[in-house]
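See structure below.
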């Protein structure tokens, strides 16, 4: 079973690296560097205004770590057909799950350490808690959670497989003790619970049938979360969108005159509005960008974030240019394909203009006292819209066709 897991893991990592290369392209890495630098500068500026004894600091730290401890789920790499093909080897499945447990533990603990490291300046600036003890508590909580998830994969009726308790309730208790009483005491509580879960996991999972439905469902849910993230930046084969009629947006396409040269304009407008994957992607990224801009002040960081999110949204819309290439009717009917690019540019321009206006409104409301930021955001958005729609999009499409 260990060899099977190694094969699955190799295939899984190959797939993840493929998507990561598509996500972290040269343009995105450059934009990400600016964003991280801007956020770091903003973070350091905020820390200067803080002091020991800030009443809301422990609450913020608890919320932060409650969220971060959720990162890094148990990866079993189990697949739907395994319920049939691995059933004869069910007695060996604990070895398979333990291999996934060890792999997941490394990834999860690395994430916890990185996020803990980021939070150190804030904690040391506002609290008197020992950061090392807090890290130990986080590590113990994460191991306990993964152990609970491991037990959940078997048909065992026990409170140790309760997801709500080990994901939210128990971390809340331990973090509350660590931040409001004593960090070492919180670590001791976390250690005791971990020892209990480890001892019972070794006893409860021996000669016990696998809960195939739960195991497969959990792994599919985990992979769907990962694919959903990748789908924000590139097309994912396993993510298939659906088509929904959005009657409340009929006024958008009703303004398009029904004539031959507007065929692609009509198709792209209708297609994006009704495609749940594409329209949902556009709405989600726009909303995320607005929320971030609402909580970020400063001179240049709002400008960087606005430009970054407009680029990300536009970049994700580009693949829709080829959406109708396999439609037989656009090849049968006498349609002038010279209008395809200009029609697509019009749709992209209109959508990004909506996003740019919404971003500008948020920036103006948050930075009323800073006219430099307001002017910079407006100018940067206009320049990016023109450059992206009329320079980047044509070159990107031309480059894609040359590789076909």
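Residue 1 is the first one shown; counting continues down the chain.
Each residue, glycine too, has its Cβ placed from N, Cα and C.
Just so you know, TrEMBL annotations are computer predictions that nobody has curated.
The transmembrane segment annotation in TrEMBL covers 20-43 (among others).
Taken from TrEMBL, the feature transmembrane segment applies to 55-78 (among others). Beyond the transmembrane segment (55-78), the same-chain residues lying 6 or more positions past its ends with a Cβ under 8 Å from any Cβ of the stretch are 5, 8-9, 12, 96-97, 100-101, 103-104, 107-109, 111-112, 115-116, 119, 122-123, 126-127, 134, 138, 141-142, 145-146, 149-150, 153, 167-168, 171-172, 175-176, 179-180, 215-216, 218-219, 222, 225.
Taken from TrEMBL, the feature transmembrane segment covers 99-120 (among others). When Cβ-Cβ distances below 8 Å are used as the criterion, the transmembrane segment (99-120) is approached by residues 1-2, 5-6, 9, 61, 64-65, 68-69, 71-77, 131, 134-135, 138-139, 142-143, 146-147, 150 of the same chain, each at least six residues removed from its ends.
Taken from TrEMBL, the feature transmembrane segment applies to 132-151 (among others). Listed by sequence, the residues of this chain that lie at least six past the ends of the transmembrane segment (132-151) yet keep a Cβ under 8 A from its Cβ atoms are 65, 68-69, 72-74, 97-98, 101, 104-105, 108-109, 112-113, 116, 123, 158, 160-163, 165-167, 170-171, 174-175, 178-179, 183-184, 186-187, 190-191, 193-194, 197-198, 200-201, 204-205, 218.
Sequence-distant neighbours of the transmembrane segment (172-200) (same chain, 6+ residues past either end, Cβ-Cβ under 8 Å): 58, 61-62, 65-66, 127, 129-130, 133-134, 136-137, 140-141, 143-144, 147-148, 151, 158, 160. Annotated transmembrane segment per TrEMBL: 172-200 (among others), in sequence order.
According to TrEMBL, the feature transmembrane segment maps to 287-313 (among others). Within the same chain, residues 27-28, 31-32, 34-35, 38-39, 41-42, 45, 232-233, 281, 351-352, 355-356, 358-360, 362-363, 365-367, 370, 372-373, 376-377, 380-381, 384-385, 388 sit at least 6 positions outside the transmembrane segment (287-313) and bring their C-beta atoms closer than 8 Å to a C-beta of that stretch.
For 347-366 (among others), the entry in TrEMBL reads transmembrane segment.
If you look up TrEMBL, you'll see 372-393 (among others) marked as transmembrane segment.
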Intrachain residues whose Cβ lies under 8 Å of the transmembrane segment (20-43), provided they are six or more past its termini:
121, 230, 233-234, 296-298, 300-301, 304-305, 307-308, 311-312, 315
Could you pull out which residues elsewhere in the chain have a CB under 8 Å from any CB of the transmembrane segment (372-393), counting only those six or more residues past its ends?
298-300, 302-303, 306-307, 310-311, 314, 318, 344-345, 348-349, 352-353, 356, 359-360, 363-364
